[in-house]
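As structure tokens, the structure follows; a few thoughts come after it.
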């Protein structure tokens with residue numbers, strides 16, 4: 001088997017995790033108590049869904065996941081929620097005091113005490129796997145736990161499981177909406193370790209997803225539940241091919257191979273289509289070309305940055321439902337002729353496609369309509385640098401005055417780490433600039449094309 005272990009860190013990671021596991025259970029017909037009425041081969045571990053669930057002798061399906069937070073309230077909601085019987089109590093790890101939005105607390109003082117327990121639980125899950133493929137790590141980098149403990153866990157996983165892939169689903173601070181004053185510090189400090197210790201990181205930001213909920217689903221005031229259900233659709237689409245058998249399956253390591261041209265250039269944009277409410281879906285015919293066009297729309301991006309400002313290096317299209325390769329090829333050919341979707345000149349093909357015949361599921365009573373086919377795109381675009389430059393700018397404004405720095409130093413961090421992390425990000429922005437400009441010497445004659 002090619003198992004995958006999910007690690008959910010901090011409030012954001014856990015709440016996204018709840019949405020994901022709710023959706024996985026729905027897709028596989030697993031009840032909230034872990035039983036699976038449709039599973040005839042109880043205890044036989046070669047079903048495709050065993051990548052994400054392990055089976056006990058009594059036929060209970062347990063997610064291969066751990067949830068970690070430095071304070072108990074969010075995890076207590078899982079312990080008392082409707083899926084409380086799904087998880088083994090040891091998979092839910094909570095501390096007593098939180099990281100107080102402070103990277104240094106999550107990484108040095110408070111996080112240090114809990115990290116060995118987490119790794120111990122991960123080890124138990126890993127020992128239960130026959131061929132562990134890698135880790136999915138869910139966290140936000142604005143807070144203290146997601147950024148600090150998230151970085152610490154990634155660093156330790158690199159030591160313990162050096163060769164396994166690590167995919168991060170990372171919620172970045174939004175341009176306008178902020179939940180903490182020190183978000184820029186935490187983000188810069190933890191991006192520093194995301195750079196080194198993840199193989200692919202998918203950037204998400206709440207503001208972009210709010211806008212999608214407002215615009216496409218007509219939800220006036222989206223809640224985190226609305227956002228997380230949308231995020232879970234993306235993550236589900238990415239992992240469909242690991243959990244079901246399909247026509248063109250895409251493995252986690254394949255994502256890496258196809259999306260990451262240089263090791264540092266591994267921050268991805270994601271988009272999903274169709275995001276549509278049930279009332280509208282009734283009147284619209286959503287064909288393969290239509291949904292394919294939709295995922296390239298700047299307004300579909302799940303992070304606030306404009307792909308038209310950059311160039312695509314690669315993109316991965318994961319279709320699910322009633323889709324045949326012929327339609328996909330035609331849709332992709334049309335996209336290639338568009339002036340708005342520009343690829344770097346050193347990567348002429350740039351498309352990796354996957355198809356899975358399992359139609360998308362939606363949570364009953366949720367906002368999304370049940371549709372016949374959907375597509376999720378993960379793309380590597382140089383415009384992602386906008387996200388970093390925005391955060392860097394805010395970081396600089398605060399750090400010039402050394403504002404709030406004493407809270408970090410007081411928890412055992414050294415001031416040098418700030419400048420080191422900031423320089424690393426400056427280098428990253430530069431890397432993106434260069435990747436987008438490669439082959440720029442022959443661009444002088446482009447004006448005559450029109």
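Cβ coordinates come from backbone N, Cα and C, glycine included.
Listed in sequence order, the residues of the same chain lying 6 or more apart from residue 254 (active site) and placing their CB within less than 8 Å of its CB are 352. For 254, the entry in Swiss-Prot reads active site, with the evidence type similarity to another entry.
Of all Cβ atoms in the protein chains displayed, 21 besides its own lie within 10 Å of the Cβ of residue 228 (GTP binding site). DSSP assigns residue 228 (GTP binding site) to a helical segment in the three-state reduction. As annotated by Swiss-Prot, GTP binding site applies to 11, 71, 144, 145, 179, 206, 228, with the evidence given as similarity to another entry.
Under the heading Mg(2+) binding site, Swiss-Prot lists 71. The 10 Å shell around the Cβ of residue 71 (GTP binding site) contains 19 further Cβ atoms across the protein chains shown.
According to Swiss-Prot, the feature site 'Involved in polymerization' maps to 450.
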(request) Counting other Cβ atoms within 10 Å, pick out the least crowded of the binding-site residues 11, 179. (result) 179
(request) Please determine which of the binding-site residues listed here (145, 206) has the lowest count of neighbouring CB atoms within 10 Å. (result) 206
(message) Please give the GTP site's span as the largest CA-CA distance among 11, 71, 144, 145, 179, 206, 228, to the nearest whole angstrom.
(response) 22
